[in-house]
Structure formats: C-alpha cells, structure tokens
Amino acid sequence: MSIFNTSETDIATFFLIGIPGLESANIWVSIPICLMYIVAIVGNCTILFFIKMEPSLHEPMYYFLSMLAVSDLGLSFSSLPTMLRIFLFNAPGISPNACIAQEFFIHGFSAMESSVLLIMSFDRFIAICNPLRYTSILTSTRVIKIGLVFSLKNVLLILPFPFTLKHLRYCKKNLLSHSYCLHQDVMKLACSDNKINVIYGLFVALTGILDITCIFMSYMLILKAVLGIASQNERLKVLNTCVSHIIAVLIFYVPIISLSVIYRFAKYSSPMVKILMADVFLLVPPLMNPVIYCVKNQQIRNLILMKLCQKY
C-alpha cells in the first residue's frame, strides 16, 4: 500500500522528502550536511564562549552577536533531527505532533534571527550616526531588556501556529515538500478548513517584511550619514564596520525571498530547486555567520588565534 494515503482515515505519520532522484545516495549527501552542522554548532558555541569569558567583549555589539549565535544554534538543532533521519538513516517518517513541534521551533528561531538582525542594524545606526551617545543609549541593562522583549514577542507571535495546526484534520495527503516541517507546508496537507492558518501565516510573513524594511531604512540613514563625511578613507572605515552585518542580512534573507519568489512566480519549476533553496535557508546562515564575524571582527579573530597559539 502506498504511503500517499488517499482515504478519509486520519493520518498517523507524515513523510518528509530528501533530494528527489538521489535517494540511493543519501548516505553520501549526509556527509557534507553533517559537516555543515558540526561547523555551525562549533562556530556559534565558540563565539558564545569567547563573548562570555572575555571582559573586553562585554559590549552591546557583542551581546547582540551572542543573540545571533543563539538563534543560529536554535535553527541548527531544530532541523538536525529530521535532516539526519532522512539522509543518514533513510527514515523520512515523522508523527504529526513531532512535526508541529519542529515547525514551532524553526519558525520561532527564524523570527528571532530576523529580530536580532533588525536590532543589530539599529546598533550600527546609533554607533555611526550618534557615536557620542552610543554607550549611554545602549547600556548593558537596556540591551538585556531589548533581547528579552524581542524574544517574548517572537514566542507570542509563533505560539498560535502549533495550536491552529493541531485543530486541523489530516486525512488525504501525508507527503511534505522539504526535509523539515514548515507551517505553510503542513497546513496544505489538511483536509479541513485552514483559512485561519492562511491569514495568520500571512500576518507573520508581514512582520518579517517589516523587519527587513526597517533594516533597509536604517542603512539608508547610515549611508546618508557616511556620505556626509569629508574623507573617503573615513567613509570606507565606517562602512567596513557594517560589512559583517550586511553579509549576515543577505545570507539570511536572500534564500527566504528567493524561495518565496519561486513559489509565487515559478510554480512549475523543478522541485529540486525549491528543496535545495529551503535547505540553504536553514543550513547556510548558522554555518556562515560565525565564519563571517570571526574573519571580519579583529577582536574575536585575535582572541581565537591567541588561544590556538597557546595550545601549540
């Protein structure tokens, strides 16, 4: 009997998908995926360790960087179980409850990462446009409060997802479109009315659009301030402090926007493209953010090199 159930019986198991056409090579595909997870987890843990242990890094910018590392770790650990089950153990099945729990954590940490990137853009804006008041505006206490407020906002924003999905009935389809569970993917399997999920999902998507709009506006103001600097060397020096954050923003938002465009305007494109783009969204930002900040940030780079030199 096919796993693609078409009866009216409630579905007991959802099935995730790996890479179409490469099922026989799952064990080989699992090798680079495992390496990416290892590098992402070790890299973000390294950043958190140095920020915690080094007093010179107890500054607003590094507190925000630690929040970004936490959200990256959350994304990695949220998707890790199903990705390894599919590619390492060839076990695509997942219970509806586990799937709904996974989508809550994936969307929650994605929203958190979006919020942290927004906060970091404001941090750069204050540092460049109002440097004399930077330390008085972004005190340690205020930074902690900002982090807690945005974390609470994201939890409350994503919290309705599992409850609305739980109330749907799944009886005809059980094949998901990716290697992990997403809200929009799960709700499409429902055979009961899912208008509430569609409307609320659109609302959550709009909050993400608001985040990237605010990031864009902050950089327009930063660019305006930088163009007012007379010396070209000073302009480049100031802009260089934003490079790491700009790259982090592009790495996070480009896959999301590309995937949305593909689903909206290229509905008949290859499933391979959609799946790979979705995997890039979860695998690449946690992998690349530690690398970017370790390479571009001199203080973190010097601390890591110093520790390595001490060992050898």
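Heads up, residue numbers simply count up from 1 along the chain you see.
Including glycine, each Cβ sits where the backbone N, Cα and C put it.
For reference, TrEMBL has these:
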type	residues	note
DOMAIN	43-293	domain 'G-protein coupled receptors family 1 profile'
TRANSMEM	27-50	transmembrane segment
TRANSMEM	62-84	transmembrane segment
TRANSMEM	104-122	transmembrane segment
TRANSMEM	143-163	transmembrane segment
TRANSMEM	198-222	transmembrane segment
TRANSMEM	243-263	transmembrane segment
TRANSMEM	275-295	transmembrane segment
- Message: When you look at the transmembrane segment (27-50) alongside the transmembrane segment (243-263), do they share 3+ Cβ pairs under 8 Å, ignoring any pair fewer than 6 residues apart in sequence?
- Response: no
- Query: Short question: which residues 6 or more past the ends of the transmembrane segment (104-122) have a Cβ under 8 Å from it?
  - Reply: 61, 64-65, 67-68, 70-72, 74-75, 77-79, 146-147, 150-151, 153-155, 157-159, 161-162, 180-183, 204, 207-208, 211-212, 214-215, 218-219, 245, 248-249, 252, 282, 285
- Message: Looking at the domain 'G-protein coupled receptors family 1 profile' (43-293) alone, can you tell me the average pLDDT?
- Response: 88
- Quick one: find which recorded stretch in 143-163, 198-222, 275-295 has the most Cβ pairs under 8 Å with the transmembrane segment (27-50). 275-295
- Query: Taking a Cβ cut-off under 8 Å, which residues six or more beyond the ends of the transmembrane segment (275-295) line up next to it in the same chain?
  - Reply: 17, 19-20, 33, 36-37, 39-41, 43-44, 46-47, 65, 68-69, 72-73, 75-76, 79, 106, 113, 177-180, 182, 244, 247-248, 251-252, 255-256, 258-259, 262, 301, 304
